Structure formats: C-alpha cells, structure tokens
C-alpha cells in the first residue's frame with residue numbers, strides 16, 4: 001500500500017434545480033419537523049406519530065431514501081419525496097491514511113456562497129473508540145498563524161443539517177447503522193460503535209456558529225436517535241468568551257480550549273482572537289463553565305512549536321495560568337503543512353514539557369499525530385479547492401461542470 005490512498009468515490013450527481021430547492025428534514029427539531037409536515041397537509045392527529053417514525057428512520061436506522069421507510073404509508077412516502085430530502089452530501093473524495101484515519105472531502109450547495117462549498121471531516125479509529133472530527137464552518141475567520149485551516153477565508157457557516165450530515169455520512173461509510181457493513185479492510189474499534197466520540201475540531205470556530213452547532217449537537221445526543229453521550233462530545237473553541245458559558249448551559253458537552261500560549265503577547269500572534277478575549281477573561285470563563293468538576297475537566301490544547309512556546313518557562317506559566325481549573329492538557333506535536341514557518345518541537349523537549357506538567361498533577365498526554373500523510377491531522381484541514389491557486393481552481397470547477405451528471 002502506498003503512503004496515501006486517495007480514492008475518488010463519486011462525481012457530482014445530476015440534480016435538477018427543483019431537487020436542490022427541497023428542504024432537508026435532517027437537522028430539524030421535532031417541533032420544526034412537525035411544522036413542516038403540517039404545512040404539507042399531514043393531519044394534526046398524525047403529526048406526533050409521523051415525527052416519531054421519521055426520527056427513528058433518519059437517526060436510528062440511518063436511511064437516506066424515503067422509499068426505505070417500510071412502515072410509512074406509500075402515499076406519505078410519495079409526499080415526502082416530492083417535498084423533502086434526507087440525502088447525504090456529495091463525497092468528492094475519500095482518503096485513507098496508512099494508520100486507518102479517513103478523511104472525506106464533502107460538497108454542499110452554495111446557499112449564498114456563489115458556488116458549491118467543500119468541507120472536510122476526519123475519522124480517527126483507536127482501540128476502544130472511534131472519533132469523528134466535524135467541521136462547523138466553510139473556512140475560518142480566526143487566522144491562527146500555525147493552523148492550515150486558518151489560511152482559508154471564511155465562506156459561510158454550515159447549517160445544522162450540514163453538521164449532522166457529516167456524522168450520518170461517516171456512520172454510513174463505516175457500517176455503523178443497523179444492517180450495514182463496513183468496507184473490507186477498514187480499521188476501526190473491535191467492539192461497540194464505530195463512531196463513539198465526536199469532536200467539534202474541524203474547519204471553523206464552532207462558537208461563531210452557535211445556533212446551528214447547538215441544534216446539531218442536541219440532535220446527536222438525543223436519546224431516541226443517534227444517542228451519543230454528551231460526555232463523548234467535545235466542542236473546541238479558540239476562546240469566544242461570551243459563548244462559553246452558554247455552551248455548558250445549553251448544550252452540556254465537554255469543552256476544549258485551543259490555548260497554545262501562556263502569555264498574551266505570544267497568544268495574540270498564535271491565536272489572534274486573544275486580542276479581543278485575553279487570557280484572563282478566557283480562564284475566568286473556563287472556571288465558570290457549568291458542570292465543571294474533576295470528572296468533567298476542560299481539555300486545553302497546546303501545540304508544540306519549536307523555540308516558540310516549548311520552554312520550561314512556558315510549562316511553568318501553563319501551570320500557573322490553569323491553577324484552580326480542573327484540566328487536562330493535550331500536548332500536540334505540530335503537524336507541518338506546505339508554506340508554514342513553524343517547526344515541531346524536538347521530541348525530547350516535548351517529553352520534558354510533559355513530565356513537568358505531570359509532576360504538577362495535570363494529565364498531559366502527548367497526542368499521537370494521525371493522518372499526517374493525508375493532511376488530516378490537527379491544524380491541517382483545508383478544503384482541496386481552497387488549496388489550489390485560483391487558475392487551478394477555476395480549471396477544476398470547469399471540469400466539475402463538464403462532468404456534471406456524467407456516467408462512470
């Protein structure tokens with residue numbers, strides 16, 4: 001096997017303008033789904049029952065075609081097909097790393113962006129669990145200097161449907177719904193769910209898309225549907241302080257902070273949002289996070305940059321900064337990407353840093369880099385069309401239009 005397996009699994013399907021305009025039932029709350037059915041003439045006395053049926057088929061059985069809903073009357077299925085969709089996003093490309101990590105490049109409709117947009121989702125299999133890294137925006141506004149995604153301009157927010165669709169598609173591809181099988185040779189947990197954990201650590205800043213992220217995660221953790229434990233869902237933010245308390249209060253998932261520096265002058269460079277919400281405000285918001293305890297610690301992400309933030313003085317500053325916060329500190333060896341000016345800290349220095357933090361009583365695992373060969377690792381996500389120079393991208397888009405609806 002080569003270092004990177006890149007598999008183009010689909011071409012743009014032929015859509016009519018009418019089909020593109022159909023609203024999706026994915027991402028709607030029960031109340032919104034009921035209102036949508038009511039608007040299409042479903043009798044009031046049937047609404048609750050029909051919503052329960054649809055919820056089960058979409059989120060428990062994982063169907064993406066109304067015709068597969070065998071206990072729904074045929075005339076109801078025809079109405080649903082005519083007015084709604086539950087289709088998955090288009091897979092532009094699926095890449096499989098030599099460590100089993102999978103990265104999907106997904107395409108969604110323009111929705112005001114002027115052209116179809118692309119995002120990436122990453123699946124990381126480990127012993128005992130499988131983690132899906134989900135994107136919340138197309139691009140990012142934060143321009144963190146060490147992050148590849150930060151070099152891509154923000155195009156638009158993802159909808160709740162588009163956020164949830166990443167999870168549904170991953171479970172499809174991994175055989176994680178009833179009566180489904182995974183592709184032969186797929187690396188994943190031997191027992192239990194194939195997707196057991198979600199991290200909102202993909203493209204974008206989740207708290208700059210709070211409402212859609214909230215709706216998607218509440219559906220993902222709904223006990224009558226996808227039924228993920230909230231303790232297995234982690235939302236990562238670079239420090240949008242006003243929304244941190246709301247995240248705990250209204251969503252109730254685990255929190256991770258992209259910290260990366262212990263001094264404001266350095267964090268202003270590495271994570272520019274620090275200029276708006278400096279470290280003191282960020283740490284105070286963390287201390288007030290609802291449900292915070294030794295059993296529900298905040299994870300602080302700290303990318304290790306050679307001769308930038310990896311000294312023992314930085315380690316001492318980190319301990320001082322986090323005093324009084326139940327915390328785990330994830331040390332992340334920097335993942336290189338083309339054009340970056342940063343280097344990864346020497347492994348010996350990373351271990352010294354970790355040992356110092358451990359001796360102060362903080363868990364400080366060193367995150368094993370995953371999917372580096374397919375640019376799927378932390379800080380490397382960036383949609384393929386945005387990596388290209390403008391002329392290449394235009395040529396690529398022209399090819400996509402030319403292939404629109406083409407047969408294999």
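Each Cβ is built from the backbone N, Cα and C atoms, and glycine gets one as well.
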Discussion item. Please identify which of 196, 227, 236, 345 is recorded by Swiss-Prot as part of the S-adenosyl-L-methionine site containing 204, 205, 258, 259, 260, 335.
Written reply: 236
Practice prompt. State the three-class DSSP label for residue 335 (S-adenosyl-L-methionine binding site), counting H, G and I as helix, E and B as strand, and everything else as coil.
Written response: coil
Worksheet item: Including all protein chains displayed, how many Cβ atoms other than that of residue 259 (S-adenosyl-L-methionine binding site) lie within 10 Å of its Cβ?
Response: 29
Discussion item. What whole-number Å value do you get for the CA-CA distance of residue 120 (active site, proton acceptor) and residue 259 (S-adenosyl-L-methionine binding site)?
Written reply: 23
Worksheet item: Around residue 205 (S-adenosyl-L-methionine binding site), how many other C-beta atoms are within 10 angstroms of its C-beta?
Response: 27
Item to complete: Around the Cβ of residue 260 (S-adenosyl-L-methionine binding site), how many other Cβ atoms lie within 10 Å? Please give the count over every shown protein chain.
Response: 26
Worksheet item: Going by C-alpha distance, which of the binding-site residues 140, 205, 259, 260 is nearest to residue 133 (disulfide bond)?
Response: 205
